[in-house]
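Here's the structure, in structure tokens; my notes come after.
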Amino acid sequence: MSFLIVANWKMNGTRSLFVNFIGKLNDKSNEITSKLVICPPFTSLPGNIELNSNISIGAQNCHYKKSGSYTGEISAEMLKELGCTYVILGHSERTHETNGEIKLKSETAIESGLHPIICVGENLEDRESSKTKEVVEYQCKSRLPIHGEYTVAYEPIWAIGTGHVPSNNAIAEVIEVIQSYTSKKHVIYGGSVSLENIENLSNILNLSGVLIGSASLDFDRFHKIVQQVEKAY
């Protein structure tokens with residue numbers, strides 16, 4: 001599997017910004033071997049936009065039901081129809097979601113033909129209490145589906161948007177915990193990934209990719225991150 005680079009735009013960016021971004025990415029894709037997944041807001045999801053083969057589109061959430069009276073929600077089947085192939089699930093910024101709901105969403109996404117990127121990670125209190133491995137293992141047991149293909153994103157809550165990143169050894173240890181439960185599924189890292197630290201992160205043992213937040217909104221900065229990954233691989 002190629003190194004997976006996922007851009008989570010969160011609630012940022014307009015449709016015109018997205019179209020312009022994808023156009024530039026298509027122009028550069030021949031020089032890129034990594035797998036790129038861009039996850040814009042729902043309003044920018046592509047429809048019939050042209051994509052080169054190593055670029056995919058993802059969403060930032062889906063409901064675990066296929067249809068029904070769920071105001072403001074969107075189903076996995078709807079995302080698939082819009083051209084999505086990936087969906088981020090269980091991100092810590094989506095508050096009040098239970099582990100059980102995240103697992104149901106993951107199972108529904110797989111049934112609908114999407115590849116879920118399922119987030120796990122400890123908060124600051126867990127980290128300071130040396131409970132990181134315990135928390136992540138419990139989340140794996142509670143959130144991850146038994147069958148189907150998916151990717152796990154280790155994204156420590158305390159690292160998101162703070163500029164702080166765990167050591168390479170600490171990340172590698174958590175990857176080992178996740179893979180011991182998931183039969184060697186692919187694990188990516190998210191949490192303050194930037195141009196300044198991507199070269200270092202690329203050296204982590206068994207890391208299959210990265211989940212990038214705000215650093216993915218500017219095309220030139222994102223492209224430089226991709227270039228750094230290409231050098232490492």
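Indices start at 1 and increase along the chain as displayed.
Every residue gets a Cβ built from N, Cα and C, even glycine.
Source: prediction; values computed, not measured.
According to Swiss-Prot, the active site, electrophile annotation covers H91. Positions annotated as active site, proton acceptor by Swiss-Prot: E155. The feature substrate binding site is assigned by Swiss-Prot to N8, W9, K10, G161, S192.
Everything Swiss-Prot records as a feature, shown here on the structure.
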residue	record	Cβ contacts under 8 Å, 6 or more apart
N8	substrate binding site	C39, Q60, I88, H91, G190, L211, I212, G213, S216
W9	substrate binding site	F18, I38, C39, P40, P41, S44, Q60, S216, L217
K10	substrate binding site	P41, Q60, E93, G213, S214
E155	active site, proton acceptor	H91, S92, C119, V120, G121, Y189, G190, G191, L211
G161	substrate binding site	S192, G213, S214
List the residues in the vicinity of the substrate site, defined as same-chain residues other than N8, W9, K10, G161, S192 with C-beta within 8 angstroms of the site's C-beta centre.
I160, I212, G213, S214, A215, S216
Under a three-state reading of DSSP, tell me whether W9 (substrate binding site) is helix, strand or coil.
coil
For substrate: widest Cα to Cα gap among N8, W9, K10, G161, S192 in Å:
14
Inside 10 Å of the Cβ of the residue listed as 'active site, electrophile', count up the other Cβ atoms and send me the figure.
24
